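Novice: Pasting a structure here, questions to come.
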Amino acid sequence: MTTDEGTSNNGENPAATMTEQGEDITTKKDRGVLKIVKRVGTSDEAPMFGDKVYVHYKGMLSDGKKFDSSHDRKKPFAFSLGQGQVIKAWDIGVSTMKKGEICHLLYKPEYAYGSAGHLQKIPSNATLFFEIELLDFKGEDLFEDSGVIRRIKRKGEGYSNPNEGATVKVHLEGCCGGRTFDCRDVVFVVGEGEDHDIPIGIDKALVKMQREEQCILYLGPRYGFGEAGKPKFGIDPNAELMYEVTLKSFEKAKESWEMDTKEKLTQAAIVKEKGTVYFKGGKYTQAVIQYRKIVSWLEMEYGLSEKESKASESFLLAAFLNLAMCYLKLREYNKAVECCDKALGLDSANEKGLYRRGEAQLLMNDFESAKGDFEKVLAVNPQNRASRLQISMCQKKAKEHNERDRRVYANMFKKFAERDAKEEASKAGSKKAVEGAAGKQHESQAMEEGKAKGHV
């Protein structure tokens, strides 16, 4: 059924039909949003709160006058369900639909644009009629890398979220390949879920959840148990996981502004050790969370005593250097360079900072900058054999890179030359053909003239 077919109804006013036959889908049962299904959907699953939905629609005033249509723009309309991106009636109506469904909806003013109206198309206190087709929907991509997809089964309470370091109480159920491998209530600190056999994707998702929220999380391998898998649960390497998580309660960790310098320095020592344990265990993302806490606490701390300032700089230097090493392991080379820059801002001749920045730049194919950093390492410590080897590697890689470029450009220029030669040959052939045709025409004219003069 097309949109126009769905709303024609033999010339009858669709709003009148809706008033008589529409189902009240409001929680208050005040008939503020009425619905009639015109085409049943292709599945039983409905979109959840926070899902991104894709629809086609046509909107009309109660007198039947059309004021908007996505069909006219030949492009579906997309929005996040329940996030206040559309009028209240849309969130209510679309949340009841199934994929492929077409329905008619009638909205009272208080569920639409109210007394304000909208632009010049919708007058004050207008009742609106919509036909909507739900084309598709998908979960919220929490980190915009498709690594953690969230679908909210039950919206949480309030507007507060756990922060890194918060103590949370959750119920979780983990599934892989249709098999449930974990089901329990657990209390842990956000950022330290690994200590309880909880994948890092859960830690990261929790800081976006609200109390009593119940959601389904789809975790890619990077946010699950990664290349190591989890033999304890029978999880293979690089497995995709699904968790249903309910955040029962949480107690936030102190924010930086709630801590005095002494407390920050004490906590910095604790999280530095935690980070080191995670790093040695190959849990680099978890280590990053710990080291970043030191930066968030101390990087902008001012008015310190001489002793506090020295301790703070020591912690910050260690944090930046360790973060750089973590990012190298995670193959996030730009971030590794940034952290080395921060470390070298504190100690310009730091051997580890120069070496790790050189490593990152080498892996980014910035051979000259990498070579420069390794040379600086040798200026600090002439006995650093690793830097000598890396300088040789930079020279070798740069040579290979230049030779590869020369081959690419040589092939490119050869193709250009061949193309130009073909074009010249084509032009020459065309010119010869034109000259030949002109010669034949001239010869024909001469023969005609000869006939006229009796010389044939």
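First residue shown is number 1, and so on along the chain.
Glycine is no exception: its Cβ is also placed from the backbone N, Cα and C atoms.
All annotation found in TrEMBL is predicted automatically rather than curated by experts.
Copied straight from TrEMBL:
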COMPBIAS  1-20  compositional bias 'Polar residues'
COMPBIAS  440-456  compositional bias 'Basic and acidic residues'
DOMAIN    50-138  domain 'PPIase FKBP-type'
DOMAIN    165-251  domain 'PPIase FKBP-type'
REGION    1-24  region 'Disordered'
REGION    421-456  region 'Disordered'
REPEAT    317-350  repeat 'TPR'
REPEAT    351-384  repeat 'TPR'
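What does the local environment look like for each feature on the list?
Specialist: Long-range contacts of the repeat 'TPR' (317-350) within the same chain: residues 268, 272, 275-276, 279, 284-285, 287-288, 291-292, 294-295, 356-357, 359-361, 363-364, 376, 380, each at least 6 residues beyond the stretch ends and with a Cβ under 8 Å from a Cβ of the stretch.
Note on the repeat 'TPR' (351-384): residues 320-321, 324-325, 327-328, 331, 333-334, 336-337, 340-341, 343-344, 390-391, 393-395, 397-398, 401 of its chain, located 6 or more positions outside it, place their CB under 8 angstroms from a CB of the stretch.
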Novice: Could you give me the DSSP helix, strand and coil counts for the repeat 'TPR' (317-350)?
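Specialist: Summed by class, the stretch gives 27 helix, 0 strand, 7 coil.
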